[in-house]
Amino acid sequence: MTSNQWLPLAVIASSLLPGLIIFALPEKRVALRTALNLAGALAKAGLVGLLIAGVAAGEEYGLRHAIAPGIEIVFKADALALLFVTLSAVLWLFTTLYAIGYLEHAPHRSRFFGFFSLCVTATMGIAMAGNLFTFFVFYELLTLATFPLVVHRGTPQAMRGGSIYLAYTLAGGAALLAGIVWLDHLAGPGEFTQGGLLAAIPGLDPLTLQLIFALLIAGVGVKAAIVPLHGWLPQAMVAPAPVSALLHAVAVVKAGAFGIVRIVYEIYGIEFAQSLGLLLPLAVIAAVTILWGSSRALFQNDLKKRLAFSTVSQVSYIVLGVALFGPLGTIGGLVHLVHQGIMKITLFFCAGNYAETLGIHKVSEMDGVGRRMPLTTLAFSIGALGMMGAPLTAGAVSKAWLSDGASAAGMDWAIWVLWGSSLLNAAYFLPILHRAWLKLPPPDWPHEEIHPVGRRETAWLLLLPPLFTAVLTVAVALFADSSFSPLAWVRLIAEREYPNISP
Amino acid sequence: MTPLLDPLAWLILLPLLWATLAFLAADRHGPMLALAGIGGQLLCVIALAGDVASHGSIGHLAGGWAEPLGIRLVADGLSLVMLLLTQGVALTLALYARSYFSQATPPAFWPLTGFLLAGMNALFLSGDLFNLYVTLELVGLAAVGLVAAGGGAAQIAAALRYLLATLVGSGAYLFGVALIYGSYGTVSASLLGSLITSEAPLAVWLAGGLMLTGLLLKTALLPFHFWLPPAHGGAPAPVSALLSALVVKASFYLFLRLWLGPFAALSEALPALAQVPAALGATAILWGSWRAIRADRLKMLVAYSTVAQLGYLFLIFPLLGTGALALQAGILQATAHGLAKAAMFVAAGTLIKVGGSDRVLGVAGAAAHLPVSLFAFALAGVTLMGLPPSGGFLAKWLLIDAALAAGQPWIVVVALSGGLLAGIYVFRVLRLAFRRPTTHDDVPLPQRPAALLEWTAFALAAGSVLIGLGAAPLLALIAGVQP
């Protein structure tokens, strides 16, 4: 086995093996468990660094294993895969630190961290899947590994959230499977191909392809939480904060969005999808989701639910970018995959801090919280401003490229959708910031658990991760034009997906 | 080959031998005899595997006597897979049973298990219809005995119901064999394959109908499933596992053999016939899953899941014209389900034994105190739901592929909905297991069971999942089968 074959496997193993060992560890082995978690996360970050250097230099990484005639597990660490792999690996590192602090005295930590590692493993598999079969295998693994985390607390609400989550995701999985096998039957086994797998096969019936597209998008659309398949996401917010942060802001919803990217660009091919008339309906669904999610967020008093509806809306920015024909839209959508992840995880970390430190779960309880927890609230504010698309934040970069993409694709109405959404974002985030910074704190917090020590407003492990990601939110915007930014990487991908058009 | 070293004959003789010894010896020697015996059988299957893989099919007359005196034994890829599944699952279950029955073994458990295995192995290896009848009776009676060995009034009632079903089933089969013998003067399956044509007399059609219906009764395909849930749900856990994982597969195997072999001409003459088992299978999937979703007792849930999962096996009949695909799907499903169902029944047995309640509600909080058993139950559930990377998933993939190739999209819909329904009853148990115990917080946690009880279940469940990743040799064996 050459290093180009084992590197993708090692990236997967770096979370799978620690996860399996952690399952077997007794609850009391805190130090060993923590060491394993951190070693895994650091090893993964290092391995991903090697991959990035290799892919940037034109190396090809991949591995295949036949399990039946015509059915192969294929891993391929191409530029697009690495976009998602890097995002997940970096945010996993932060979330692991955060979760160690968050769950310090909670029961069943071995189980929690075991499944948490499995989720990350599944995400890596989804990112590096080289064909739809492999994608599906890890997509369903993600469903299964997330369930125990959603119901982790074992309360009746958690049970209900878990059931709703399964109902949506298993049904979505069935639709996806039907689409994949149908496609496999029609076009034969094939891999994700730059420029599109189906585009290169002549003589396929357009109507059948449109039907299959609907099945596939419905399947991955459940995890991407596109309206009307989004109902599970707000319910799944009963999970502990690190789960909401990494899985429901990054891994799970992004797995869906990433699936849409792969299907549109590398199964159908963007030009072929355009000629089949598939992009306009997709753009309309994305636009509806963007506006619907933002409007629902306005009326949520529960902080995490407000953030969840905000996620529903923001993830569809990615879908919209995919559906805008042309490299500019592609860049906007793909870069938002990274940017939204960084911003939303910041917000969820902060929400977790408010809940863990002061017992604050509702927006109406946040009066004056900026005085008690200034650093957390600063991070929250940066994340919120980013979501609105304020200048000097990651959100502004995404929105600029998406708007340019919309006008280049001749869909000027999409620009209005983006502006409308920004206004709605402001309408549900600014009141929070106003409460937090300008109103007077109440005499007592709902349930103060962690008392301040000097300038330390909460536990270090809870405070540092959101500060890091808040800094990242600004940094990816400030250094967007440098050659190491997500934007630069996304432009590389766009160049490869549009061999005939230069951005 | 010298008769003394013939693995085909030893696969039948060895279980008869250790069963007899176990019957004569004291109860406490039963487990060791069984483990050694089944271990030896497993070695025989492995010895056979190389020959079958290189020759496709091997067969000869045991003892060197010519037919009809000699008994003709045949093994090909299909029988090899079933033999391997049977010995592998039986060995693991014997380990489990040894620990499960550590206080008191039900009377005759070990001898009956030996006779059951002898009957099953003979069934997989026999090439003539009358010997097959004898094996069917042996399997049926041993299985009824195992159900009755539980000893309770409900178990005796279930055993009697089962006895009725199995006797009527083999009676119908025997009547059919008599009609066939009357028409052709032979009962050799391979000879009959070329003798029976689409112009066969009515008596042969009647014989086919009787034999196949009798086998459906023994396989508990809806509407003949009435005997299965009480028998499988009521027996002690190791017995339930043996019956649900293996015994019903034996009569399915014979149904498939007859369909592809002697009666192939009949089913080709009237292609619509193949829709009958498929339609019954589809109904079984929906009805069995529904009853599992509604079940009140944990083992009844698992038993109704068997009713549903057996339905998948019969979906393949209208698709058999599409080459090896449908047959591969069916046999892979039988194998994966065998492993998963054995795992699920023994995991349920441990949950019930430790938790003290046989209700579904009794698993509440089990994620905390029985994680390994619960994980085994969940992994087995992954196979039953047909989620990747399990064997059940690969089987479903192949089935859908075959259904599309045969232009039967309704089978796709049934297979996918069956998976979702399985999701409902599997997660019904799993979500309860994660529930925080609300009331008796002061009650001490139940004692941890013996490690063997938990890890045998886990091994079976892991096997049912891993087979999805390593199915290539199995699929190649099936592809080489000449009907």
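The chain as shown is numbered from 1 upward.
From the backbone N, Cα and C atoms, a Cβ is placed for every residue, glycine too.
Heads up, TrEMBL stuff is auto-annotated, nobody curated it.
Quick look at what TrEMBL annotates:
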type	residues	note
DOMAIN	A:71-113	domain 'NADH-Ubiquinone oxidoreductase (complex I) chain 5 N-terminal'
DOMAIN	A:129-420	domain 'NADH:quinone oxidoreductase/Mrp antiporter transmembrane'
TRANSMEM	A:6-26	transmembrane segment
TRANSMEM	A:38-57	transmembrane segment
TRANSMEM	A:77-100	transmembrane segment
TRANSMEM	A:112-129	transmembrane segment
TRANSMEM	A:164-183	transmembrane segment
TRANSMEM	A:211-233	transmembrane segment
TRANSMEM	A:245-265	transmembrane segment
TRANSMEM	A:277-295	transmembrane segment
TRANSMEM	A:307-328	transmembrane segment
TRANSMEM	A:375-393	transmembrane segment
TRANSMEM	A:413-438	transmembrane segment
TRANSMEM	A:459-480	transmembrane segment
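Proximity of distant same-chain residues to the transmembrane segment (A:164-183), defined by a Cβ-Cβ separation under 8 Å and at least 6 residues beyond the stretch ends, is recorded for 132-133, 136, 139-140, 143, 146-147, 150, 198, 208, 212-213, 215-216, 218-223, 229, 231-232, 235-236, 267. Packing against the transmembrane segment (A:6-26) from elsewhere in the chain are residues 32-33, 36-37, 39-41, 43-44, 47-48, 50-51, 54, 61-63, 75-77, 85, 89, 92, 110-111, 113-118, 120-121, 124-125, 128: each is 6 or more residues past its ends and has a CB under 8 Å from a CB in it.
Where the transmembrane segment (A:211-233) meets the stretches A:245-265, A:307-328, A:375-393, A:413-438, the count of C-beta pairs under 8 angstroms peaks at A:245-265. When Cβ distances are compared across the two stretches, the transmembrane segment (A:459-480) makes no contact with the transmembrane segment (A:277-295), since fewer than 3 pairs at least 6 residues apart fall below 8 angstroms. Remark: the transmembrane segment (A:245-265) makes no contact with the transmembrane segment (A:413-438), by the rule of 3 or more CB pairs under 8 A. DSSP labels the residues of the domain 'NADH-Ubiquinone oxidoreductase (complex I) chain 5 N-terminal' (A:71-113) in these numbers: 29 helix, 6 strand, 8 coil. Looking at the domain 'NADH-Ubiquinone oxidoreductase (complex I) chain 5 N-terminal' (A:71-113) alone, the prediction's average pLDDT is 90.
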